[in-house]
Amino acid sequence: MNGVHDMGGLQGFGPVQPEANEPLFHFEWERRALAITLAMGATGQWNIDLGRSARESLPPAVYLASSYYEIWIRALEVLMLQRGLVSPRELRSGQLLVPPAPVAYVLQAGNVAAALASGSPADRRASAPARFAPGDRVRAKNMHPVGHTRLPRYVRGHLGTVQAVRGCHLFADRHASQPLPPFDTTADWLYTVVFDGRELWGPQADAAVQVSVDAWEPYLEAAT
Amino acid sequence: MRPKAGNAGLYAALSCPTAHSREFASMSTPHAHAGDPPRDHPSHLGDMDIRVRALETLLTQKGYIDPAALDRIIETYETQVGPHNGARVVARAWSDPAYHDWLLKDATAAIASLGFSGRQGEHMVALENTPELHNMVVCTLCSCYPWPVLGLPPVWYKSAPYRAKAVLDPRGVLRDFGVTLPEATRLRVWDSTAEVRYLVLPMRPAGTSGLSEDQLATLVTRDSMIGTGLARQPEVTP
């Protein structure tokens, strides 16, 4: 989706403003927001790509005007509402009004360390050989899917070079295409594709800059 | 059914829109609703506090979450996982040529050998800075970041200015951080658009040949491992 989350190359946001001695959280609710989001993710009712998709699909003005963990909470509420885990009245009131829906898994305290330490690797066994190899010239497709995608707009249509083959990974676009389990866990080859700054931004751009993205094979076509 | 179908409708079903960000908090006017307890911060921050508390209570009552698990998650990122982990990796790479080569060849395994692995670091790649090439990492689409070695990302990393500017004007970003590189140094920006996570291996500062690995680790800043900063120079003792 061509959303406001796809920020690469936008102008007008002003300088980056690092905060000296920044605390890990600025408010107590941010601590809980992080943990609730991770714990609800563990229930298995959605996956990381559906989570990203929910954040990107917030109304654009809300996305831009919300702080980071506000975006997380708003998207979490949408994900839970979509799956009937909570009702709008429950969210408004904070009161349990409807019996709980069954969930696949509840993360207990004793399992947190192991869950965080193992993570969720995205690599999968390949079912076909990689189409591209390092050094190959490729073009990022000019595509504008309405669903979730991880190909930023600023590289679409541009010529780049495959720098590395990263293995076969769950393809985010398909992984986010089914709202409920079983998700589409088919994988595609993932490449690091590097673009010259001038290819992306024009002849006035800094010739000493290159930018890469990690792009799945369906995002790429051989350059002719 | 598309996963996003109806999001706008669902969203509209929710009350208490708080269309201000923390960053804008200082510009908004505090106001109180009848019956609200006194607050010393703008109302929308109080709204988020109430909203998240209510959510935690509701989800606990539903049996979806274990509040003690939330405590453990928070504790993990507040006390165990942070940029000090990445600093250990960098200091080891500066000290041990075999480890350096392993890190550049198979960062996931080399980093895991020091005990750092897992969520948001399942597929690690290390990027070595040299006098000729400076690497910088961004996630223009969201906030992808190598948690096991750097912890949770700072606000600026997740902010619109950084995500917008890093790929278009990385030299300008470095200026925002007070960093100037030689004109001849090439700049390479890595946009983390999939599940690969990048750790920058900054250049070892000059005059550090006698330092231990522990001493070297104190010179490695978080920003130097993202590529928006350089490693610290050691303090010169007269």
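Cβ atoms here come from the backbone N, Cα and C positions, even for glycine.
Listed in TrEMBL for this protein:
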type    : residues                               : note
DOMAIN  : B:47-228                               : domain 'Nitrile hydratase alpha/Thiocyanate hydrolase gamma'
BINDING : B:Cys139, B:Cys142, B:Ser143, B:Cys144 : Fe(3+) binding site
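Considering only the binding-site residues B:Cys139, B:Cys142, B:Cys144, the Cβ with the fewest other Cβ atoms within 10 Å is that of B:Cys142. Computed over the domain 'Nitrile hydratase alpha/Thiocyanate hydrolase gamma' (B:47-228), the whole-number mean pLDDT of the model equals 97. Using a CB-CB cutoff of under 8 Å against chain A, the binding-site residues that qualify from B:Cys139, B:Cys142, B:Ser143, B:Cys144 are B:Cys142, B:Ser143.
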